[in-house]
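Structure first, then comments.
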Amino acid sequence: MLGLLKNPVVVTAEINMNLVALTVIGLISRLWGLSYPRAVVFDEVYYGQFVSLYMKRIFFVDDSGPPFGHMLLALGGYLGGFDGNFLWNRIGAEYSTNVPVWSLRLLPALAGALCVPLGYQILVELQFSHCAALGAALLILLENSLITQSRFMLLESILIFFILLAVLSYLKFYNLQRHSSFSGSWWFWLLLTGVACSCAVGVKYMGLFTYMLLLSVAGLHFWHMIGDQNLSNVSLMCHFLARGLALIVIPVAMYLSFFYVHLTLLYRSGPHDQIMTSAFQASLEGGLARITQGQPLEVAYGSQITLRNVLGKPMQCWLHSHTNTYPIRYENGRGSSHQQQVTCYPFKDVNNWWIVKDPGMQQLVVSNPPRPVRHGHIVQLVHGITTRYLNTHDVAAPLSPHSQEVSCYIDYNISMPAQNLWRVEIVNRESDTDVWKTILSEVRFVHLNTSAVLKASGFMVIWLYGASLPEWGYRQLEVVGEKLSKGYHQSMVWNVEEHRYGKSQEQKEREVELHSPTQMDISKNLSFMAKFTELQWKILTLKNEDTEHKYSSSALDWITMDTNIAYWFHPTSGAQIHLLGNVVTWASANVAALAYGCLSLWYLIRRRRKIYDIPEDVWQLWVSAGGICVGGWAVNYLPFFLMEKTLFLYHYLPALTFQILLIPIVLQHLSNHLCRSLLLKSMFSALIVAWFSSVYLVYRTFSPVTYGQPSLSATELKDLRWKDSWNILIQKQ
């Protein structure tokens, strides 16, 4: 034992100085002057709102994607001690002293800086030279658009970081596959691939494109393994299960965990509650939970209820009536029943209250013990304030003439008897004997005489025609009776939101009673999976109105960078920040992609004729590099041609990053296999040096509008307008 102490413990490590230097330079380029400008820059006005809501633990829904990216931005605010108190209402607004600007921008900047060494390592793992890898890293380092996007509280740099990390991890795993399967490092890189993929998807759904690409590559590689006779069936099954665990199970579990943390942090009611179901709202602290506390769970005959439409978009609304009647004739000449109006009202109001009545009894109070209403029971709905019965008949609705008018019945002593019986159908029932429950049950009301379903059709009218009921209907939403044969839609489904057990038969006492809570408790705790499913569905289906933006662009504009985005402008000095790429790099990326495509086609045709211009191992390397780089560009770019949303230049940055990685691949291939003589190689090397010098020169030229300093004169700004389509802001003298 003492003999071991005679010699010192020595630890040796290999340090790639290229990686160290690239990391340091990358950090300097992204972190330098990070707090400048101390003002809201472009989409910081959008993401900052969510950071403030995280700080205050207030629930929100963002239809742009999952919550992981927002949580990372909020982490920066938390580490900086941000209290969430700032009004994010204007681009260019000066930050107050309580906003930790450097801390909020730190994580995107770190992610952008680390993309530089990641680019280097990816080319090394693709079996290209360190010189080519160094060139790829430097191109990422000097790309003005990537620098701009990574220096502010935005998500693209974080997305690109996780995308590149996923690609690198898979390549390292694949290269280890040949000689050290199931080793510790093999498992590490395989698991990291799945983790990075889930993080990329969790930041933005654009990450799903690269995830699908890597799954396809992994599937192709496993298909080749199946043909390897040296692998036993057991070994193949172990490989399959390992990949399934790391690339599917773990990413799904991590994706769910993002939402779990999100929902755990945001437990307070907020401005976005209204688009969620009543059950979801009731699970949040404050808001509806405060209103519904102590409500009865089971709806009984005599219950006083408000009915909220489940669809909840473009706005939430409740079944409503008031003393006004439908006009005898509408503006188009059609007649109405002149009965009391029934609408869907987007605000809480005493006229939203209804009483569930047993058609066989006159009482409007809950018996003792209460008689619960079950699926399939027949009820009458009595308007709480006017005591008139919910009714529908064969009269055309005011805005939807193909549907039946819904009203509260007034007896005019004419040949139009009341038709006020409704069958309760619980849509989300577990059995046909289910009890109608407050908040939890989603119900349809089917008219007994006509089989029409009570429906808030005002949603569809607004979507199609941009209109609600006219002035006589107080601009409220239309409610109709829709035939069952026309199918099921969420606008036909309602849930009880507020609920009281009625105790008084007298109308005046009943009006007071509508505001008096009972003391029976209701369990409103939703499971995590129920909340996740609802929130995920809202994120996927909730779409804000896409409006034309001054700096929006089409996907075709991105390739040639015919557009830019003015991120920030100083009102006095004229200093400004623009999202503009390095023109030489963008053009070179397009040329490299075109050259790769042409060369690949040429090689394929020649190989078909049994003519092999390059060795087989070089061909396999060429194909695999193209699968990653060209494939990565394609899956991150082409889907935007199918998207109906407002697009911006920054959407192209993930695709551009893959294209940049392709440039040194093509250059090395040309140098090694097409420049046959020493003279040609020397000339080609000289051209590469000149070309790279131009990349650096363009980077330096546009750095004032990349970093926002120094401010430029009007003449200097005009000189930067290399394309007429670029919107460089020039102050009038």
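The backbone N, Cα and C atoms fix where each Cβ goes, glycine too.
The transmembrane segment feature in TrEMBL is assigned to 15-33 (among others). When Cβ-Cβ distances below 8 Å are used as the criterion, the transmembrane segment (15-33) is approached by residues 106, 109-110, 112-117, 120-121, 130, 133-134, 137-138, 141, 147, 150-151, 707, 709 of the same chain, each at least six residues removed from its ends.
According to TrEMBL, the feature transmembrane segment maps to 67-88 (among others).
Annotation source TrEMBL lists transmembrane segment at 100-120 (among others). If you look at the transmembrane segment (100-120), the same-chain residues 6 or more away from its ends with a CB under 8 A from one of its CBs are 18-19, 22-23, 25-27, 29-31, 34-35, 38, 48, 51, 72-73, 75-77, 79-82, 133-134, 136-137, 139-141, 146-147, 149-155, 157-158, 160-162, 164-165, 168, 657, 660-661.
If you look up TrEMBL, you'll see 126-142 (among others) marked as transmembrane segment.
The transmembrane segment annotation in TrEMBL covers 154-174 (among others).
The list of residues near the transmembrane segment (186-203) in space but at least 6 beyond its ends in sequence, with Cβ under 8 angstroms from a Cβ of it, reads 65-69, 72, 155, 158-159, 162-163, 165-166, 169-170, 172-173, 176-177, 180, 210-211, 214, 242-243, 246-248, 250-252, 254-255, 258. Positions annotated as transmembrane segment by TrEMBL: 186-203 (among others).
Long-range contacts of the transmembrane segment (208-226) within the same chain, counting only residues at least 6 positions beyond its ends with a Cβ under 8 Å from a Cβ of the stretch, are 163, 166-167, 170, 174, 177, 193, 197, 200-201, 236, 239-240, 243, 247-248, 251, 627-628, 631-632, 635-636, 639, 654. Annotated transmembrane segment per TrEMBL: 208-226 (among others), in sequence order.
The feature domain 'MIR' is assigned by TrEMBL to 296-359 (among others).
Feature annotation from TrEMBL assigns domain 'MIR' to 370-427 (among others). Across the domain 'MIR' (370-427), DSSP assigns 0 helix, 26 strand, 32 coil.
What TrEMBL lists as transmembrane segment is 445-465 (among others).
According to TrEMBL, the transmembrane segment annotation covers 583-605 (among others). Taking Cβ pairs closer than 8 Å, the transmembrane segment (583-605) reaches residues 139, 142-143, 559-561, 613-614, 619, 622-623, 626, 629-630, 633, 656, 659-660, 662-663, 665-667, 669-670, 691, 694-695, 698, 722 in its own chain, all 6 or more past its ends.
Residues 122, 126-128, 163, 167, 171, 209-210, 212-213, 217, 593, 596-597, 599-600, 603, 607, 654-659, 661-662, 665, 669, 673 of the same chain, all 6+ positions outside the transmembrane segment (617-635), place their C-beta atoms under 8 angstroms from a C-beta of that stretch. Taken from TrEMBL, the feature transmembrane segment covers 617-635 (among others).
The feature transmembrane segment is assigned by TrEMBL to 647-667 (among others).
Sequence annotations record features per position, and here TrEMBL assigns transmembrane segment to 679-699 (among others).
Of the ranges 67-88, 126-142, 154-174, 679-699, the one with the most Cβ pairs under 8 Å to the transmembrane segment (647-667) is 126-142. Regional average pLDDT for the domain 'MIR' (296-359) in the model is 88.
Relative to the transmembrane segment (154-174), the listed stretch 67-88 leads the set 67-88, 126-142, 679-699 in CB pairs under 8 A.
Each residue of the domain 'MIR' (296-359) gets a DSSP state, and the totals for helix, strand and coil are 3 helix, 30 strand, 31 coil.
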